[in-house]
Amino acid sequence: MASSMRSLFSDHGRYFEAFRRFLNNSTEYQCMREFMDKQLPGIIARIGGSKSEIKVLSIGGGAGEMDLHILSKVKAQYPGVHIINEVVEPSAEQITKYKELVAKTSNLENIKFAWHKETSSEYQNRVMEQKEIQKWDFIHMIQMLYYVDDIPATLKFFHSLLATNAKILIILVSGKSGWLKFWKKYRSRLPQNDLCQYVTSFDIIQMLDSLGIKYQCYDLLSTMDITDCFIDGNENGELLWDFLTETCNFLTTAPPDLRAEIMKDLQGPEFIVRKEGKILFDNSLSFITIEA
């Protein structure tokens with residue numbers, strides 16, 4: 001690997017911009033919203049029971065777009081019930097954006113928000129020091145298990161926080177997506193980092209089976225439009241390359257042979273489909289629900 005290549009995570013500003021471009025060029029959030037609209041009401045149908053208050057815990061809530069969509073479903077399912085929504089998010093920038101989104105969003109009455117600037121591991125350590133451990137009715141972990149050191153321990157811990165009839169929702173890339181094939185083939189030749197694990201739903205399901213935890217898994221097709229990646233000098237394409245490879249300035253720092261090989265692969269049927277003149281990378285998602 002060329003010494004000039006460095007992990008995208010080493011430049012937080014560029015990482016968040018690349019992530020924003022990914023969201024703008026993929027059906028990721030559209031796919032999540034479809035799941036929330038069609039499946040979530042059934043999943044949360046029993047979490048409230050006759051309670052006067054429902055406690056929701058968001059691990060890795062980011063800027064809050066999906067959190068608020070989830071809360072709208074909880075609120076619709078349990079009209080008039082008070083909702084406590086606590087958010088664990090390590091990025092101060094994301095928390096600021098989340099608070100700004102809440103401030104300009106209507107219909108959030110009866111919802112009390114609290115934010116904690118910490119990682120899930122830091123949250124776990126803090127909770128374990130408390131004499132009385134808070135139980136939760138609904139915990140969701142959206143695209144964040146990649147950033148956990150010990151995933152089985154994390155799953156076991158959050159499962160232990162579930163109240164009666166409570167659920168956990170985990171969202172991450174499907175083992176059937178193009179990501180698994182891409183990571184298997186290229187991760188050893190791309191910059192290594194200590195922040196991210198290359199896991200898919202296949203890994204999480206295996207861990208849950210080993211832990212004896214009951215779950216259900218749903219897969220939904222999502223795509224990422226990478227057409228701009230093959231237009232010379234296209235800034236959007238350059239940032240999408242960075243996101244795909246998790247490499248800062250991939251096009252200008254990658255060895256020519258590696259760059260050519262990846263560019264060829266990402267135009268082939270193993271990773272993409274062509275539709276209406278667009279090149280679409282398979283970004284399929286898995287939605288895993290865990291019972292108390």
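Placed from the backbone N, Cα and C atoms, the Cβ positions cover glycine too.
According to Swiss-Prot, the residue from Ile43, Ile139, Ile142 that belongs to the S-adenosyl-L-methionine site alongside Gly60, Glu89, Gln94, Ser120 is Ile142. Residue density at Ile142 (S-adenosyl-L-methionine binding site): 21 other Cβ atoms are found within 10 A of its Cβ, drawing on all protein chains shown.
In this structure the C-alpha atoms belonging to Ile142 (S-adenosyl-L-methionine binding site) and Asn283 (substrate binding site) are separated by 15 Å. Distance noted between the C-alpha atoms of Glu89 (S-adenosyl-L-methionine binding site) and Glu28 (substrate binding site) is 20 Å.
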